[in-house]
Amino acid sequence: MTLHSNSTTSPLFPNISSSWVHSPSEAGLPLGTVSQLDSYNISQTSGNFSSNDTSSDPLGGHTIWQVVFIAFLTGFLALVTIIGNILVIVAFKVNKQLKTVNNYFLLSLACADLIIGVISMNLFTTYIIMNRWALGNLACDLWLSIDYVASNASVMNLLVISFDRYFSITRPLTYRAKRTTKRAGVMIGLAWVISFVLWAPAILFWQYFVGKRTVPPGECFIQFLSEPTITFGTAIAAFYMPVTIMTILYWRIYKETEKRTKELAGLQASGTEAEAENFVHPTGSSRSCSSYELQQQGTKRSSRRKYGGCHFWFTTKSWKPSAEQMDQDHSSSDSWNNNDAAASLENSASSDEEDIGSETRAIYSIVLKLPGHSTILNSTKLPSSDNLQVPDKDLGTMDVERNAHKLQAQKSMDDRDNCQKDFSKLPIQLESAVDTAKTSDTNSSVDKTTAALPLSFKEATLAKRFALKTRSQITKRKRMSLIKEKKAAQTLSAILLAFIITWTPYNIMVLVNTFCDSCIPKTYWNLGYWLCYINSTVNPVCYALCNKTFRTTFKMLLLCQCDKRKRRKQQYQQRQSVIFHKRVPEQAL
């Protein structure tokens with residue numbers, strides 16, 4: 001038998017003659033393949049095979065300069081893909097700031113892109129240059145399995161990231177409490193398992209299901225994708241449907257972020273105006289935690305801390321939110337409450353914050369001693385946020401109790417700043433109360449007396465400044481949270497945009513090929529498929545452009561500054577340890 005091949009082709013360069021006939025069996029293949037009937041003319045006039053195809057030409061019909069150009073370009077892209085995704089993985093390992101739930105999904109995406117850069121790109125380049133598959137059927141099926149599983153895993157990871165961002169924005173209280181690294185690992189595992197189950201068994205064992213292998217020798221493509229209708233269906237399920245879902249989710253994320261931005265701007269604009277009006281309530285409280293049921297659990301525990309000119313009594317009270325309030329929190333988690341209790345609850349619901357009990361939480365009442373005065377502001381019974389009355393023009397008077405034993409006030413501004421920083425995170429309650437102790441001869445009883453003493457204008461201004469500082473801290477925390485969400489949304493938008501740009505041309509050609517099997521030149525097929533690979537090259541660039549932490553860590557790794565960073569961190573910890581030990585006796589006073 002004599003084997004004659006009437007095809008001499010160079011897929012990437014259309015100026016070289018090609019007699020490939022594009023039949024329905026070639027639809028949607030990564031490389032324009034030759035149908036078995038049109039590629040091979042079997043002649044029985046000779047006892048041996050003769051061939052005029054490129055099987056004996058290692059360059060596949062290309063010129064030497066074409067081979068150099070193809071090898072250099074594709075090799076460079078593969079190298080950039082490998083280095084970029086290795087940087088992502090190593091950066092995640094060495095920088096603890098990157099070990100967030102959202103970045104676990106990016107780590108999974110980087111692993112899929114790394115597989116494509118190491119295996120898929122190089123084998124496909126060899127296939128293009130040689131213009132035939134010379135590694136055998138088993139290697140062909142393994143390559144296709146790895147290629148399609150990794151590519152589909154990239155799509156699934158993008159889908160998971162989109163849903164994660166969507167629920168984080170729209171359900172910050174309910175979803176973030178469940179958003180842990182363990183659940184992220186489960187979602188990542190499902191993405192890979194689903195991708196493997198969908199593609200690997202069908203690619204590896206389809207020839208055994210149908211009883212024969214229809215892929216001709218020297219070619220490599222998925223056997224069950226020989227029909228355009230099947231190829232069309234897989235394109236819809238693997239690309240168009242996920243892209244549609246991700247686009248809708250991103251649009252919802254964008255609208256919700258814009259809504260949050262307007263709400264925060266309104267909160268900041270009305271904050272200064274409403275502060276003077278609501279600072280003193282007719283009942284003595286501008287805001288209250290009336291929506292929560294305060295429940296005293298036994299004896300109150302109080303402790304005293306001293307920071308500079310501020311003296312604090314932290315009185316622990318346990319409280320449980322009412323059933324009605326819990327329902328409101330779960331049903332309308334999008335709204336931003338203006339009270340401090342709701343703000344603290346919203347912040348505690350984040351997975352990045354400190355874990356708090358599901359039912360019982362702690363409220364700390366702060367007792368403030370104004371510098372240079374012998375009075376102390378103490379917490380009282382009402383659970384108000386800033387229950388303060390001062391002798392201003394528009395304000396009332398403030399009831400305070402005189403302390404019999406005057407406390408020494410330290411006027412260190414640094415310690416005062418630390419004082420403000422410590423209680424700015426808590427629902428602050430400024431009220432008037434002090435206890436004066438009268439010790440009897442037997443030291444058996446302690447009496448507490450109260451007296452009304454108006455504050456001076458200077459002291460009232462200072463107290464009001466503390467309340468304004470607290471409100472600004474709450475607004476700042478909301479603003480920082482919004483900025484963080486915007487950065488995550490920007491990263492998602494960049495990744496999604498790169499995915500759509502790189503994957504759309506090939507999938508459009510798949511749709512066109514369903515109705516016109518000879519309208520797409522082989523060069524376009526190969527370029528379109530390679531463009532899908534380039535998406536794995538672009539993703540690390542998106543991380544660096546949209547995330548400053550990734551960018552600085554990449555720079556540190558490329559410049560080999562890991563050891564310097566570790567030494568600086570150790571030196572900083574040693575300095576902090578010395579400072580801490582020096583301050584221990586002072587804090588113990």
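Note that the numbers count up from 1, one per residue, in the order the chain is shown.
Glycine too: its Cβ is placed from the backbone N, Cα and C atoms.
Quick look at what Swiss-Prot annotates:
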COMPBIAS  283-295  compositional bias 'Polar residues'
COMPBIAS  333-344  compositional bias 'Low complexity'
DISULFID  C140-C220  disulfide bond
DISULFID  C516-C519  disulfide bond
CARBOHYD  N6  N-linked glycosylation site
CARBOHYD  N15  N-linked glycosylation site
CARBOHYD  N41  N-linked glycosylation site
CARBOHYD  N48  N-linked glycosylation site
CARBOHYD  N52  N-linked glycosylation site
MOD_RES   S384  phosphoserine
REGION    275-295  region 'Disordered'
REGION    323-356  region 'Disordered'
TOPO_DOM  1-66  topological domain 'Extracellular'
TOPO_DOM  91-103  topological domain 'Cytoplasmic'
TOPO_DOM  130-141  topological domain 'Extracellular'
TOPO_DOM  164-183  topological domain 'Cytoplasmic'
TOPO_DOM  206-228  topological domain 'Extracellular'
TOPO_DOM  252-490  topological domain 'Cytoplasmic'
TOPO_DOM  514-525  topological domain 'Extracellular'
TOPO_DOM  546-589  topological domain 'Cytoplasmic'
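For C519 (disulfide bond), other Cβ atoms within 10 Å of its Cβ number 11. Geometry remark: C519 (disulfide bond) versus C220 (disulfide bond), CA distance 22 Å. Residue counts for the topological domain 'Cytoplasmic' (91-103) by DSSP state, with H, G and I taken as helix and E and B as strand, are 10 helix, 0 strand, 3 coil. In the three-state DSSP scheme, C140 (disulfide bond) falls into the helix class.
Taking each of the disulfide-bonded residues C140, C220, C516 in turn and counting other Cβ atoms within 10 Å of its Cβ gives the largest count for C220. Secondary structure of the topological domain 'Extracellular' (206-228) per DSSP, as helix, strand and coil residue counts: 9 helix, 0 strand, 14 coil. Spacing of C140 (disulfide bond) relative to C516 (disulfide bond) is 27 Å (Cα to Cα, whole number).
Between the alpha carbons (Cα) of C516 (disulfide bond) and C220 (disulfide bond) lies a span of roughly 22 Å. Looking only at the topological domain 'Cytoplasmic' (252-490), the predicted model's pLDDT averages out at 48.
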